[in-house]
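Q: Here it is, the structure, as structure tokens.
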Amino acid sequence: LTGVLDDCLCDIESIDDFNTFKIFPKIQKLQERDYFRYYKVNLKRPCPFWADDGHCSIKDCHVEPCPESKIPVGIKAGSSNKYSKAANNSKELEDCEQANKLGAVNSTLSNQSKEAFIDWARYDDSQDHFCELDDERSPDAQYVDLLLNPERYTGYKGPSAWRVWNSIYEENCFKPRSVYRPLNPLAPSRGGDDGESFYTWLEGLCLEKRVFYKLISGLHASINLHLCANYLLEETWGKPRWGPNVKEFTHRFDPIETKGEGPRRLKNLYFLYLIELRALSKVAPYFERSVVDLYTGNGHEDAESKALLLDIFRDTKSFHMHFDEKSMFAGDKKGAKSLKEEFRLHFKNISRIMDCVGCDKCRLWGKLQTQGLGTALKILFSEKEIQSLPENSPSKGFQLTRQEIVALVNAFGRLSTSIRELQNFKVLLQQTR
């Protein structure tokens, strides 16, 4: 996989080097910090589009949250009740941790974290443009420690997983009726349309609709890469061993096995990386203000987290081959506004489809990465508002909630990891030849 990407003046080798030597090590460190490791999510929202076809019963899909009575008041969504230390005695904590050990998604939190969440809530603002946010005040919303719940292959597949991706591609990507080939790259071809005529049609679309398809395809490729790189290789005596699965990677991305689709999917991953990279460079002024603090209650750690984030922003600004988002929605004002609104609603719908994912761990990471991309799009279309932010007072024109900030950083961290894993698979493939 080499050369210049379509729709931007950037080559794959430059992205590989930039990601490996500058971004990847720093974004890994940032994701480990308290502010970014806890994500609030509602994994119980019903699917709004079809009757639920049952949840994945595989152990690694499963979530066993603490019973409502065991969760200390301090971390309950909304934080409208005063924090009661009486509700936080050690017996309840032990019960809570025991309940968590039964499931693969671990939502155990330290007392210090619980205290911090009350303060974080004050910094949150519920406005969002491209995604449907979970209501953090819902009793079903819970904090999840992302480090204890890594994204990996859970065994979730079949009709339920197929239906989610099919709905995303077929009902939400832009496609005229004259194209018979399914947009879903995993679907068998029907009619006389082969892959090449499909891509000829895709190139004929306006830039915005082409970009939309590439973003979704890139997200799909990234998720598939994570599953291939963190695959359950064997389980002996109840001890699972996770690692890269070259056969699975080849099945999903090899040019011959995918009839030429694999490299296109990976190019779309790089394109998505560029879009989110551009968003990070654009949002830097929002975080550079002294009024913005990555608040956890631990002053020393907060200062270190902010310094590391600003260091990453400096790196993103130094990248010399950014995607130019000004080329999007640049036609006549009325047509551009209408297209932007259509783009936004299509993406919002995709964020709602994530509530139809039957595997809770897959749903968690699907929601987070979709919200991260939605936040990136919100940033790219808010440049004027970001540039006119006041230095010493909270912003009114442009605001990010903590949920959005956590999703933005972790979603980009996932893309950075995907591109790093791609380098590992290149080495593994050379070794097996």
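Residue positions begin at 1 at the first shown residue.
For all residues, glycine too, the Cβ spot is worked out from N, Cα and C.
Grabbed the feature section from TrEMBL, which reads as follows:
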- Cys359: active site, nucleophile (ACT_SITE)
- Cys362: active site (ACT_SITE)
- Arg152, Thr154, Trp165, Ser217, His220, Arg252: FAD binding site (BINDING)
- Cys56-Cys61: disulfide bond (DISULFID)
- Cys359-Cys362: disulfide bond (DISULFID)
Q: Express the distance between the Cα positions of Cys362 (active site) and His220 (FAD binding site) as a whole number of Å.
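A: Between the Cα atoms of Cys362 (active site) and His220 (FAD binding site), the distance comes to 12 Å.
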Q: Taking Cα atoms as reference points, rank the binding-site residues Trp165, Ser217, His220 by distance from Cys359 (active site, nucleophile) and give the first.
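A: Nearest candidate: Trp165.
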Q: Validating a neighbour-count step here. Other CB atoms within 10 A of the CB of Cys362 (active site): how many?
A: 25
Q: Please work out which residue of Thr154, Ser217 has the most C-beta neighbours within 10 angstroms of its C-beta, and give that one of the binding-site residues.
A: Ser217
